[in-house]
Amino acid sequence: MANETVPSGYVNAGGVTPVWLNKGDNAWQMIAATLVGLQSVPGLVILYGSIVKKKWAVNSAFMAFYAFAAVWLCWVTWAYKMSFGDKLLPFWGKVGTTLNYKYLQKQADLPSTVVYSHNGAVVETPAMMPNFPMATMVYFQFVFAAITVILLAGSVLGRMRFFAWMLFVPLWLTLSYTVGAFSLWGGGFLFQWGVIDYSGGYVIHLSSGVAGFTAAYWVGPRLTKDRERFPPNNVLLMLAGAGLLWLGWAGFNGGDPFSANIDSSIAVINTNICAATSLLMWTSLDVLVFSKPSVIGAVQGMITGLVVITPAAGVVEGWAAIVMGVCAGSVPWFTMMVVHKRWSLLQKVDDTLGVFHTHAVAGFLGGFLVGCFAEPTLCNYFASVPNLRGAFYGGVGGIQLGKQIVGALFITGWNVMATSLILVLIGLVIPLRMSEDHLLVGDDAEHGEEAYALWGDGEKYDINRHGGNDYTFAFHGIGSPPMPGPRPPIEL
């Protein structure tokens, strides 16, 4: 009998199972990445397609779907190394690909994350080297890049021309996202300085909120009738998308220690505590002020809770997560419901889903609060930069709070500048906003497709108006009934 050779992938040591590989860490990291990916596809695809007016359901969902695919190719071709590769500038990495299998199979490392002493001569902390391969690291960081662009899209739903969006996605990823990622996560100057962003309060949420608001300014507003009345076309599907977003956040924050360790578990617990508290707080305010609990408001409160805890998830205690949840459900609520109505700039810019409030305001709030509540021991579990602590714990904590504010100002300024430049350049080539005819009709004009086989803007088919018998139209509220005679006019 011939000797049978076991494939090298199944050998416990050597081959493609080197001694540095921790299979538990690798498995969790890939699961965490997939959970974050599910937040975008199908999570935000469903949420966007459901929360907008019926005539924009296809366009809104497709903007998210396209961005997920476009970011993938840009990420592996050049953007990953600009975010996490060798340093080119204090805020930017060198361009390079991740397509070579020898690169992908080596132990993961972030080459610029060596932490030096103040005089720059002594290494205080070596580079991060998780116990899984580069392929897993590239995948994990990709899903964060993709969801950032998709969150940004929420500000321009219902009027941005799709061809302009196709150009915008790779340009914004390259010129804006990579800068924030390298500066705060890849070993750039904000990382070296000790600004805390556990899982993307600044890199993802503040940047997408600021960039989305800036993009909304340059693209221009929706039709006046759409701004005045923009009901969700499917509230139940909207909740399904929101649910995927909430549960997917376990990977969002639980994966950022780069290990299936204690800090990962703490991050997941804090994430859910803050989200639940914020949802209840937002709903309570809706009841107190408007006398009705709003489902859309509950979703907004859930999102702001998830956003606020993101920069702090693994470095704060449970009581702090509750405090942050109260702030998450009240401060963005106040800016959206009160400040927005009194500040002419916020009224002038048509931010479709209020991304400025749910992500920019909430992201800044989370970054500020981690500067208050970052617990020293938990910081040591996670952060490479030594001596981190929030202002609540005394010592150098007050300085940390100042660092958090400076970090937020840099991310805000860069995104306003980069997003404006990109859209001005695109506007020289192609209109950013759809034509008035396309804005009036929606999906059918822009894509030649419609989300539902219903006439009008989601109204039921009127038997008395269009003819037919009771049997033929017994289920006229489900699907599309047979249409006798010419198609009736669409009421938009």
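Each residue's number is its place along the chain shown, starting with 1.
Placement of Cβ uses the backbone N, Cα and C atoms for every residue, glycine included.
Please treat TrEMBL annotations as automatic predictions, because they have not gone through curation.
According to TrEMBL:
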TRANSMEM  27-49  transmembrane segment
DOMAIN    27-452  domain 'Ammonium transporter AmtB-like'
TRANSMEM  61-80  transmembrane segment
TRANSMEM  138-157  transmembrane segment
TRANSMEM  164-190  transmembrane segment
TRANSMEM  202-220  transmembrane segment
TRANSMEM  232-252  transmembrane segment
TRANSMEM  264-283  transmembrane segment
TRANSMEM  295-313  transmembrane segment
TRANSMEM  319-339  transmembrane segment
TRANSMEM  360-385  transmembrane segment
TRANSMEM  405-430  transmembrane segment
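Computed over the domain 'Ammonium transporter AmtB-like' (27-452), the whole-number mean pLDDT of the model equals 93.
Sequence-distant contacts of the transmembrane segment (164-190) (same chain, at least 6 residues past either end, Cβ-Cβ under 8 Å): 63, 66-67, 70-71, 74-75, 78-79, 82-85, 87, 90-93, 110-114, 127, 141, 144-145, 148-149, 152-153, 156, 197, 202-203, 207, 211, 215, 219, 407, 410-411, 414-415, 418-419, 421-423, 425-427, 429-432. Against the transmembrane segment (202-220), stretch 405-430 shows more Cβ pairs under 8 Å than any other of 27-49, 61-80, 138-157, 264-283, 405-430. Same-chain residues lying 6 or more positions outside the transmembrane segment (27-49) and placing a CB less than 8 Å from one of its CB atoms are 57-58, 60-61, 63-65, 68, 130, 132, 136-137, 139-140, 142-144, 146-147, 150-151, 153-154, 157, 234, 237-238, 240-242, 244-245, 247-252, 254-255, 258-260, 264, 451. Sequence-distant neighbours of the transmembrane segment (264-283) (same chain, 6+ residues past either end, Cβ-Cβ under 8 Å): 28, 198-199, 246, 249-250, 252-257, 293-294, 297-298, 300-302, 304-306, 308-310, 312-314, 316, 318, 320-322, 324-326, 328-330, 333, 378.
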